[in-house]
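According to TrEMBL, the protein carries these features:
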- C338, C340, C343, H369: Zn(2+) binding site (BINDING)
- 31-401: domain 'tRNA-guanine(15) transglycosylase-like' (DOMAIN)
Amino acid sequence: MAEEAVLPKLDPMPPEMIEFTLLKTTGALAPRLGRIALAGRQNMVTPAYIGNTSRGIVPHISQDNFRKTADINGVYVPLEDFIEKHPQQVPPVLQYDVPNPLRRFIALPEDTLLVLGARRNPPIAGASPNTNTEVGLSTSVGFRSLSSEYYAAAVRRLQPDIVVALADIPFGQQTIGSRRKDKMSDRTETWLRDMIACKDTLDQGEKSWSIFAPILPLERDLQSWYLEHLLDDMVDHISGLAIYDTDLLDDLPLQLHHFPRLSLHAPASPHALLRQVGLGVDLFTVPFLAEATDAGIVLDFTFPPPAKHESTSTRQILGIDMWHEDHAISVRPLSEGCTCYACTKHHRAYLQHLLAAKEMLGWVLIQLHNHAIIARFFQGVRASIDGGTFDADVAAFDAYYEPALPEKTGQGPRVRGYQFTSEEHAKKGKKNPTVYKNFDAEKMLGLKAAHGQQPNKKPEMRHVFDDQALLGLVGMEELGIKADPDLPLGGLRLEHDGKA
Ligand SMILES: [Zn+2]
């Protein structure tokens, strides 16, 4: 097929279709600025990120905080989070008989872009294998399968703004044979066709949506069947691309270059994000945000990086572990200079206390901060592309910061069934270790003595009140907080050295 760029279409798009305008680009696989516009939604200047949701919300960010505090213009919502009752029952979201049922079901603001996919990003591997007609899913109660027709019908009902068409990808499989690769290409072609066919049968006045076509994590010649058909007779029906392996972007046919590119290739670090931006990816979900938050890690990086001091040879960390004992009595903000809600209202010692006490607010505050950091990161990325300094800024970023996020040390929030891989499910023992437990009798007597309490004279009342009053102290002794009651703030010190 001839490799020539397709001229921009002159026909006006229907109001429900997204419109993507390239504002600045320097080459086929170069960083680029674009704008995604859709009637009724906030315009999004790309490169940008969208919120990665779990069960309809960005983890830890309630709907009111989403509106008030978080600067998130779009979200990615996987259908597998909602259909655990399928096929025995019709899932509640599909019974919801209102306009824009999915948006209403998850209480998403009207002006936030809603992207629906079949699977989470990144998906849990090991779901039942895909067949010619069905994709294996991992729901909150176990593995299920989803047919291509069901997915298209669900999309028609749920009315997202953008839908990522089904892709046949054997997630988690280390080696994929050549016959299996052929099947990936064949099935993805059929399933994309199903989605387009469903859209073509929409009634007059029924709300439509934009389709993002998957680009498989395969070399170009191995998905040539699919790509040829995509270019021959489906290209006019799609509005964007979902990229599963950004390292293979140079295989992307030129005729597809003007489409917005959503990355479903989870980046491990900000460096990996920058690499994808450098290849011309426009939209991202950033799974490492929530992973860092759950680990109690406060992200701490900016793009472009600050000017490097000549005297320091060590690279800066990308995030601060709030579990570290250094923060137990520190009243410094989470991240110096950050203007987010968490950093302007609270300090590190309080954050560590919240984490140690398993108080939900701890993760809420870190998540708000981490999203503020990534929003500013993308602002910096766009300014850098606009100013023509992107490559130099990336080199400076690589030299300034450590190559990876810090290791997780502390315990995260309570994990749910759908957050486990199947191997973890198979392991014996409790998934969430018991946090609170009673002291033995001897320890209780010691504690009571320390508080000036005598054992209750009525033996039957001994464990009723006193034990409860002390429960809040359990588990705190490992924190190493040595408060000095003679000093103001119990010995908490104010620090001014400006070092992390
Ligand atoms: Zn902050």
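Numbers run from 1 along the shown chain.
Backbone N, Cα and C atoms are what each Cβ position is placed from, and that goes for glycine too.
Where the annotation comes from TrEMBL, it is an automatic prediction and has not been curated.
Recorded features from TrEMBL, shown on the structure.
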residue: C338; record: Zn(2+) binding site; Cβ contacts under 8 Å, 6 or more apart: T344, H369, A372, I373
residue: C340; record: Zn(2+) binding site; Cβ contacts under 8 Å, 6 or more apart: T69, L368, H369, A372, I373
residue: C343; record: Zn(2+) binding site; Cβ contacts under 8 Å, 6 or more apart: P333, L334, S335, H369
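Looking only at the domain 'tRNA-guanine(15) transglycosylase-like' (31-401), the predicted model's pLDDT averages out at 95.
Other than the site residues C338, C340, C343, H369, same-chain residues with C-beta atoms no more than 8 angstroms from the centre of those residues' C-beta atoms, the Zn(2+) site, are V298, P333, L334, S335, T339, Y341, A342, T344, L368, A372, I373.
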